[in-house]
Amino acid sequence: MPALLRIGRTLRRTLLQAIPTVLGIVILNFFLLQLAPGDAADVMAGEAGSATAESMAALRSRFGLDNPVLVQLGHYLNNLAHFSLGFSPRYGMPVADLIAQRLPGTLTLMAFALTIAILLGVILGSLMASFAGRIPDRLLSIFSLLFYSIPSFWIGLMLIVFFSVKLGWLPSGGAGTIGSRLTGLPAILDKARYMVLPATSLALFYVAIYARLTRASMLEVKNQDFVRTAYAKGLTPFGVTARHILRNALIPITTMAGMHIGGMLGGAVVVETVYSWPGLGRLAFEAVMGRDFTVLLGILLLSSLLVIIANAAVDIIHAWLDPRIGAR
Amino acid sequence: MAPLLQVDNLTIRFPRAEPVRDLSFEISQGETLAIVGESGSGKSLTALALMQLLPRAARIANGSISFGGRDLTKLGAREMRHLRGREIAMIFQEPMTSLNPVMTIGRQIAEVLQVHEKLSSRAARERAIELLRLVRIPAPEKRVDDYPHQLSGGMRQRVMIAIAVACKPKLLIADEPTTALDVTIQAQVLDLLDTLRRELQMAVVLITHDLGVVAQWADKVVVMYAGRKVEQALPDDLFNDPLHPYTRGLLAASPRLKHDFHYRDGALTEIPGSIVSAVGETGCPFRPRCNQARASCSHHVPQLTVPAEDRLVACPFTTSIKAVPHAAALSL
């Protein structure tokens, strides 16, 4: 029960702090986007190639783009207050529907990549810490440095060349076999096959970070007095690592993972482009090119919410991992 | 009766130093042996050697540690793990950092029972509560779910003691168990240790630099200097008639042993120099700091001699020192 109480207190505080944060993000983003040259009408007219001044003015008045900036902001906030993200002039559909189409793809990709990254990173980092200074540690250090420094689009391309072109094991892009009418488990397996390569290329960079972080954190914990106490109890080295060292060493890793959820959204743009994965990152990119600011604002709002949720989750995990945190 | 623990000519070597040299002592069941000496004299390393938990760079270069007929220096890692926490237990100096901050104290006590006695977690928890009661922690049913940061230093050291005595060990090593504690708590913790020693028939190796602790709780005292035993005696003999110049210096530097001592009566004396001055010296390691030193002291390390029953001393000039009146020796 005290654990639940601690978690509840943490959640309430996070929620209260989230409201002004989100409002600030929306307003700031709105003004930042106004600084970009051109608007949706300009781009649409340019693409059509036959716009007149009258038709552009008509477009602008239809989407409210001719109003003063503050009035536009007022409209947007009014929409938000009614739980609407507005209407995309370019796609001709509500922004919420547009995002709802793309969000699951990105979320699964991120979740998959983050899980791979944390699992592999912690395992490799524990290995490195156990063999600190010896050959396994040196070898893994070289690999982690390599993955840390290679850009993810290049890893993505090389994985396609190797696993799709040469070996033909995995599909090179897309999110599922087109035209297949699979259901149940086969459908999930089919999806997973398409996800392996993009998730791996997104994850490798983070694997490197978590491995190094786990190594450093475990080496630090290893020298603490309570580890000596654990050995003095007669525990095996594995028991000491699993029960005493790892849990204490995980705290900095969860902090980093929480911060990376926001960063992964950005990194996903590149990977989604390489693997033509229909996700949020590519939608954001297209929205920028089309000056479709309502869509972009919607995505930014959603990302900020995602980061806030991730931070709250990290807070809860912290309160669970470290009893001293909730006590303050 | 054969001693429970017999250490013979123990030498601990680091790549560049030998912090413990030719150390021998023994301890019988139910006995408390105090090892005293200043920081750096090799006390704590000796304790870690008994547990076979020396730092990786250190190794036992010579000597044997015989415990219940088995030489611990020759045991494999697996057999040694079997002894640790079950037959030989240890309490460390820092109760603040010696407990895992993210585990409840109940689980930390239960862990040692689950490892050695294969208890179920429910039975181990019941035993943990009993053990908390045994070390006089109030409301043990509630405290068992507390985390270390919710306890005071003295309470944490009691928890450490509960972990140490959980499997009723034959030998308990206490490495400066009260150094980090408040003076008022010190006596409580040491009294508790002493009571448990009697109840469980444990032998206790008490490592300390506090001579007051020695006087009250030890059956036998070993004085260490620069990794060697320089004197061994029963506490009464040691305090009434210290033989080695280093022991005399230690006693003179300690305020508790004179009656009604007050700072206005005169300054406490100190032993000039530091233990570092023993590094690289030939001959007696205490010679650079000794006011009785003679030319012959630099030739070879003095051997332990037996000046009286139950006594050992490593100084060839003790007889002549003994002729000096006691009071004069104290103001050395």
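Numbering starts at 1 and runs along the chain as displayed.
In case you wondered, yes, glycine gets a Cβ from its N, Cα and C as well.
A TrEMBL annotation is a machine prediction, not a hand-curated record.
Per TrEMBL, the feature domain 'ABC transmembrane type-1' maps to A:103-318.
Residues or ranges marked as transmembrane segment by TrEMBL: A:15-36 (among others). Within the chain, the transmembrane segment (A:15-36) has long-range Cβ neighbours (under 8 A, six or more residues past its boundaries) at 69, 72-73, 76-77, 80, 291, 293, 296-297, 300-301, 304-305, 308, 312.
Taking Cβ pairs closer than 8 Å, the transmembrane segment (A:107-127) reaches residues 136-137, 140, 144, 191, 195, 198-200, 202-204, 206-215, 217-218, 241, 246, 250, 253, 257, 260-261, 264-265, 268, 271-272, 277, 279 in its own chain, all 6 or more past its ends. Marked as transmembrane segment by TrEMBL: A:107-127 (among others).
Within its own chain, the transmembrane segment (A:139-163) is flanked in space by residues 124, 127-128, 169-170, 172-173, 197-198, 200-202, 204-205, 207-209, 211-212, 267, 270-271, 273-275, which lie at least six positions past its ends and keep a Cβ under 8 Å from the stretch. Residues or ranges marked as transmembrane segment by TrEMBL: A:139-163 (among others).
Residues 108-110, 112-114, 116-118, 120-122, 124-125, 128, 140-141, 143-148, 150, 152-153, 155-156, 159-160, 163-164, 170-172, 174-177, 252-253, 256-257, 260, 264, 267-268, 271-272, 274-275, 277 of the same chain lie 6+ residues outside the transmembrane segment (A:194-213) yet bring a C-beta within less than 8 angstroms of a C-beta in it. Per TrEMBL, the feature transmembrane segment maps to A:194-213 (among others).
Residues or ranges marked as transmembrane segment in TrEMBL: A:249-275 (among others). Cβ atoms under 8 Å from those of the transmembrane segment (A:249-275) belong to residues 106, 109-110, 113-114, 117-118, 121-122, 151-153, 156-157, 160, 172-174, 197-198, 201-202, 205-206, 209-210, 213-214, 217-218, 220-221, 281-282, 284-285, 303, 306-307, 310-311, 313-314, 317-318, 321-322 of the same chain, restricted to positions at least 6 beyond its ends.
The feature transmembrane segment is assigned by TrEMBL to A:295-321 (among others).
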